[in-house]
């Protein structure tokens, strides 16, 4: 539930920051083993995100907005997405 609440706040922040752009979730809950053992994706507490326009120049600020939205851990994991997670 906390992850969902943070995503909701972040989606609003993204729309306010960049009109016409939306938050894009590329990975969330996972059951197919694409993440390392112990990944919070298996518990529904982690998401990988981008912007709908996939403008990588926005991802630094996207990460900052994710922190402000309440995510406990935010990591600009690759040039393709930002990883966010919440504590239990």
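Glycine is treated like the rest: Cβ placed from N, Cα and C.
Taken straight from Swiss-Prot:
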BINDING   26, 27  Ca(2+) 1 binding site
BINDING   27, 30, 32  Ca(2+) 2 binding site
BINDING   41, 48, 83  Zn(2+) binding site
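Here the features listed in Swiss-Prot are placed on the structure.
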residue : record                : DSSP (3 states)
26      : Ca(2+) 1 binding site : strand
32      : Ca(2+) 2 binding site : coil
48      : Zn(2+) binding site   : strand
83      : Zn(2+) binding site   : strand
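If you count neighbouring Cβ atoms within 10 Å for each of the binding-site residues 27, 32, 48, the highest count belongs to 48. If you take the C-beta of residue 83 (Zn(2+) binding site) and look for same-chain residues 6 or more apart in sequence within under 8 angstroms, you find 46, 47, 48, 73, 74, 75, 76, 77. Annotation for residue 26 (Ca(2+) 1 binding site): same-chain Cβ neighbours under 8 Å, separated by at least 6 residues, are 48, 49, 50, 81.
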